[in-house]
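Q: Pasting a structure here, questions to come.
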């Protein structure tokens, strides 16, 4: 499991285990509502995307307006960040920043 912290709270987020921690990740903001995981991946395809995901509300499944893209090669990820900022994905120009989430799983010790 991966422990997340924010807003004075701490929680487990097992969805982060789907991402390879050795891959370079970007957070892509200002995504239009029509952007899907597939269209996000296609927008960055020329940079060697390993995974792309639009973050959605669990209840309504509507986009929260941001997502993440990971790259096999860090240099390609940096290039994507430079070249794609302000480009339109769907109907909105996107913002881009490096993802700050630590993806290393926390190993819980069993009490003996």
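Our numbering is plain: 1 for the first residue shown, then up by one each step along the chain.
Glycine is no exception: its Cβ is also placed from the backbone N, Cα and C atoms.
Annotated domain 'RRM' per TrEMBL: 24-101, in sequence order.
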Q: Give me the DSSP three-state residue breakdown of the domain 'RRM' (24-101), ordered helix, strand, coil.
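A: Result for the domain 'RRM' (24-101), in helix, strand, coil order: 21 helix, 31 strand, 26 coil.
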Q: Would you mind giving the whole-number mean pLDDT across the domain 'RRM' (24-101)?
A: 96
